[in-house]
Amino acid sequence: MKSCVVLAFLLFSLVCLMYQASDACSCAMSHPQDAYCHSDIVIRAKVVGKKLLNDGPFGTLRYTVKQMKMYKGFDKIQHVQYIYTHDSESMCGVKFDINKYQYLITGRVHDGKLYTGLCNFNERWERLSLAQKKGINHRYQLGCNCRIKPCHYLPCFVTSKNECLWTDMLSHFGFPGYQSRHYACIQQKEGYCSWYRGMSARDKLVINTTDP
């Protein structure tokens, strides 16, 4: 009798785990440059409030933000005041702390509203590397015509001149990896794309124009 009870409990636990797995949000890994290039809006902002809206079968969270800087999307929204996301994390809703941190926030515009989620690139600003901040500021834009090709298993090859091979997934250190934090895939003068970490011509121009 005891063995039947144990077996029933294990079966129930397995069903619950399967239900949770099927109900969970699933996102493909994305390099920050891809997140930038595929987003309508990229901003740095502080989240100052939130409100639960009951529209549709699932709740929607509306975050009120204080925009610090807009990096992309001037033609979509002049100034972002609200950000929308699903209330449930199982529906890829994202949670922001209120009145604590500045965030890099990316998302898509629909009906004049900015929507974001767990599959978008949202991160506390101080956690970004210097290379990622430079990328968001201007460098990623230089590589939006390039394709970052993920490599999950060896061997991997590029198949066209506009591809950069992304191998962070092979690292033992996990994700995000070194290429994600320190490199951008930039189109060179010759027309091919390659990983770039050093100081670009635009970096030098910015430094020269800001020097006293």
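One is the number of the first residue shown, and numbering goes on along the chain from there.
Cβ coordinates come from backbone N, Cα and C, glycine included.
Copied over from TrEMBL, here are the features:
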SIGNAL    1-24  signal peptide
DISULFID  Cys25-Cys92  disulfide bond
DOMAIN    25-144  domain 'NTR'
BINDING   Cys25  Zn(2+) binding site
DISULFID  Cys27-Cys119  disulfide bond
DISULFID  Cys37-Cys144  disulfide bond
DISULFID  Cys146-Cys193  disulfide bond
DISULFID  Cys151-Cys156  disulfide bond
DISULFID  Cys164-Cys185  disulfide bond
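In the predicted model, the domain 'NTR' (25-144) has a mean pLDDT of 93. Nearest to Cys185 (disulfide bond) in space, judged by Cα atoms and limited to the disulfide-bonded residues Cys27, Cys151, Cys156, is Cys151. Figure note: comparing Cβ neighbours within 10 Å for the disulfide-bonded residues Cys25, Cys37, Cys119, Cys164, Cys185, the maximum is reached by Cys185. A simple way to gauge crowding: the CB of Cys151 (disulfide bond) has 15 other CB atoms within 10 angstroms, across all the protein chains here.
Residue pair Cys193 (disulfide bond) / Cys92 (disulfide bond) shows a Cα separation of 32 Å. Take the Cα of Cys92 (disulfide bond) and measure to each of the disulfide-bonded residues Cys27, Cys37, Cys151, Cys156, Cys164: the nearest one is Cys27. Each of the disulfide-bonded residues Cys92, Cys193 was scored by other CB atoms within 10 A of its CB, and the lowest score goes to Cys92. Recorded residues Cys37 (disulfide bond) and Cys25 (disulfide bond) have their alpha carbons 22 Å apart, per Cα-Cα distance. Counted over every protein chain shown, other Cβ atoms within 10 Å are most numerous around Cys146 among the disulfide-bonded residues Cys27, Cys144, Cys146, Cys156.
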